[in-house]
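Have a look at the structure below before the remarks.
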Protein chains: 2
Amino acid sequence: MQITLPNYSITFGALPNISHKGKVLIITNPKIAGLHLQFLLSKIQANEVYCLSLQDGETYKNMQSIELILESAFNHRLDRNSLMIAFGGGVIGDIVGFASGIFMRGIDFIQIPTTLLAQVDSSVGGKTGINNQFGKNLVGLFHQPKAVYIDTHFLKTLPKREFNAGIAEIIKMAICFDKDFFTSLKTTNWEDSKNLLECIYKVVSIKAQVVREDETEKGIRAALNYGHTFGHIIEAQSGYGHYLHGEAVSIGIVMANTLALRLNLITQQQYQEILQILKQNNLPTTYKIKDITTFYQAFFLDKKSINNKLKFVLPKGIGDFIFKEDTSKDLLMQILKEFQE
Amino acid sequence: MQITLPNYSITFGALPNISHKGKVLIITNPKIAGLHLQFLLSKIQANEVYCLSLQDGETYKNMQSIELILESAFNHRLDRNSLMIAFGGGVIGDIVGFASGIFMRGIDFIQIPTTLLAQVDSSVGGKTGINNQFGKNLVGLFHQPKAVYIDTHFLKTLPKREFNAGIAEIIKMAICFDKDFFTSLKTTNWEDSKNLLECIYKVVSIKAQVVREDETEKGIRAALNYGHTFGHIIEAQSGYGHYLHGEAVSIGIVMANTLALRLNLITQQQYQEILQILKQNNLPTTYKIKDITTFYQAFFLDKKSINNKLKFVLPKGIGDFIFKEDTSKDLLMQILKEFQE
């Protein structure tokens, strides 16, 4: 199975052989290296292959990791014809996309995502970036991979909690874009590898369509941030690493839905239906905000906030969404109060 | 006068008013701020205007300066609709281009170059980047400015040494692309502002044509690196800041010409003619290499070196050039020996 984007393809199924005329630098983390590096190496044919293992986790998604990748690339004398391979979850994918985008003003990279979240979301679409003290993904660039390989074999070693965090992004896509898909998720058997692969394929198809229409997020692509405007703040305020990204998105979905419910964009029943499916997949749905004023101010650091105007992605029933740009401070503070500690 | 590139224009003459619906962050250095910031501010109409002054010089063209710009941008709550203005020489232009390219995955920036070198070369074409311990401009990206304003008024306060360094890039362009232009440079009166502006316009026209054909340097654009392959190593080995960039390029031209002469690409007379015009403009033309093996190895860090194959831009007579990819180590070491300490 394959999905084609303007400049590259996303291939589903067993990892194929990767042949490259030039040097290859694989960037991974200690856990994935231990479990799967030998397998990956057996698939690569290249002049020289190097491997860099970085500390895992959102806290390491920073400029220091970028500098480590660049240093390794220079030490191994990579050139403009070299290839980087991101072999890991979303963090590895985002930092390798960024580092390969600025090494000698940009070289090719390949995404081989090893988490459900990275397979359904972050490995596709060319968004790269790092976090800083001001928030998530605030520094980075659009750099499309040369190829994405999605092999569910890697998910067999994924801890259940991380697997569930990936389901949050799947649910997000269904709510915004496809009601039938959302309904089917209620009975999806995640243990069934055929069912799982179909589900990943479905989500990536939706995402690819969105990215095709709007690669650099001037319009519709911003819909993919449903749940993220709240979620990013939760991640920053609770300290990166406390919640997995997908878990913060799950809470963010509930917060966005609280606003959507108040604005009569969804019914109480739809609100409950979404809450139910998140819970069913052991995703967190509650959060205690310590200081709602600080939380409110953090909205303005979001990349979607332009000229101090906030922009929320909200569900319109299930299977559709709207961009809401005129939410009053008053209303937002009321919503945040519902989550106050 | 104006030159149009696919996504922006280069405007020559008195700086026009700059109006922007959003926040503006000017990045400059203390000297330019002292001399010209009030003038620039009088030309800007925007919601909010902020200014960041960075230490001047090649030694500050590093990741720390990028982080300072990003920090300032976040502190002032810039968003995707904001604008950065690079107000200074090539260093300011290159780091602002880079920082604006990765802030929130890329926002607009304007180049207002205040040195001759930046006006004729670095402000046009979208190359951005920083230096690191491995060499010059090795980290960066292609990020085209939204506009370039070339106003020779700023050159009146430029020290003579820096002015001459700019002439080196003008001479470089003439040697590679235009024999008549090269001949005219022998009698150019740099004090005459009409003569000066015509000369800048001529060089930028040539560069714009090259960039139009090959924005991301897959082919002909690499010709602009004539003198730079040697020059970058000289800058790195002598410590950034010892030579001005244009001065290192001047020496680099002489070194490249020594190789070109040996390969019968230029005559002894042409070699002397070029040497003469560099000297006439008080540019350095000699250099003592401490260790030729180290110098030789540094070639392989050049961005133009692919798969360990060196690539030199060499003049073919005056007004034309070739890419030379099969230069033997033996020959190169002989050339370097001529510059040995």
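Each residue's number is its place along the chain shown, starting with 1.
Heads up, the Cβ atoms here are built off N, Cα and C, so glycines get one too.
What TrEMBL annotates here:
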- A:53-164: domain '3-dehydroquinate synthase N-terminal' (DOMAIN)
- A:56-61, A:90-94, A:114-115, A:Lys127, A:Lys136, A:154-157: NAD(+) binding site (BINDING)
- A:83-104: transmembrane segment (TRANSMEM)
- A:166-305: domain '3-dehydroquinate synthase C-terminal' (DOMAIN)
- A:Glu169, A:His228, A:His245: Zn(2+) binding site (BINDING)
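Distribution of TrEMBL features across the structure.
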residue	record	Cβ within 10 Å
A:Asp56	NAD(+) binding site	17
A:Thr59	NAD(+) binding site	14
A:Gly90	NAD(+) binding site	25
A:Gly93	NAD(+) binding site	30
A:Thr115	NAD(+) binding site	28
A:Phe154	NAD(+) binding site	25
A:Thr157	NAD(+) binding site	12
A:Glu169	Zn(2+) binding site	26
A:His228	Zn(2+) binding site	25
A:His245	Zn(2+) binding site	28
- Task: May I ask for the distance between A:Gly90 (NAD(+) binding site) and A:His245 (Zn(2+) binding site), taken between their Cα atoms and rounded to an integer number of Å?
- Result: 9
- Item | Conformational class of A:His245 (Zn(2+) binding site) under the three-state DSSP mapping | helix
- Item | Nearest of the binding-site residues (A:Asp56, A:Thr59, A:Thr115, A:Phe154) to A:Glu169 (Zn(2+) binding site), judged by Cα-Cα distance | A:Thr115
- Message: Measuring Cα to Cα, how far is A:Thr157 (NAD(+) binding site) from A:His245 (Zn(2+) binding site) in Å?
- Response: 19
- Using the centroid of the Cβ atoms of A:Glu169, A:His228, A:His245 as reference, list every other same-chain residue with Cβ within 8 Å of it (recorded Zn(2+) site), in sequence order. A:Leu117, A:Asp121, A:Ala168, A:Lys172, A:Gly227, A:Gly231, A:Gly246, A:Ala248, A:Val249, A:Gly252
- Task: According to DSSP, folded down to helix, strand and coil, what is A:Asp56 (NAD(+) binding site)?
- Result: coil
- Task: Can you see whether DSSP assigns A:Thr157 (NAD(+) binding site) to helix, strand or coil?
- Result: helix
